[in-house]
Amino acid sequence: MHAIVAVKSLRSAKSRLAGELDADARADLVLAMLHDTLATVAAVSAIDTVTVVTPDPTVAALAYSVGVTVYADPAPHISLTNGASPRAEETLNAALSAAAADIRAKRGVVDLVVLQADLPAMQPSELTEAVAAARSGGRSVVVDHHGTGTSALFACGESALDPRFGPESARGHANSGARPLNGQWPGLRTDVDTHADLDTVRALGVGPATLASLTRLKATPSNSR
């Protein structure tokens, strides 16, 4: 299986945390959570390779430093036929589809999983179980802890990725035929967008890079892994 992880430009990342963290602090946290997410993915034997999709050179440098392939996100150069700028979810889904097509053009028919880049409490065992469940075939999703978003999207066999990320993505993926995967995977289901999400991952236990970032922010979590 090939994992795809998308990361937007650091200057616009985690805007919902802007009330508590300045731009530099948010960028530091994003990079730390990405580092821990990639480390967890690397610990899962069922995942052979990883691609980070990003337009950001700092994110790309981190990915290269841990031996991950980078696909240059074409989203910043995408425009609609009427000249308007596409919505964020449109550019994200276009970038993911382009990356998936590139991967399969080079590697043939491979199973794919798109993972959120901000899963600092995810455990290798959780992802291993989700991969095993997804391999029964077709498209499937791990719904996030809010019940509305998507933490992971799988496309196995010859199934197209067909990403529907954006508001209410869990519903969008379900309506397009993706089946929900059932499992007690709190770390896998908890991506970080808000201060409440940060509290949740603190309680679950975060990876070392995220712990260090939170410590720098003087918000040391009570638990770590």
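Including glycine, each Cβ sits where the backbone N, Cα and C put it.
Summarising the annotation, Swiss-Prot assigns phosphoenolpyruvate binding site to Thr150, Gly166, Ser169. Look at Swiss-Prot and you will find 167-186 tagged as region 'Disordered'.
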Three-state secondary structure, which DSSP defines for Gly166 (phosphoenolpyruvate binding site): coil
Neighbour count (Cβ, 10 Å) for Ser169 (phosphoenolpyruvate binding site): 23
Candidates Thr150, Gly166: member of the binding-site residues with the richest Cβ shell (10 Å): Thr150
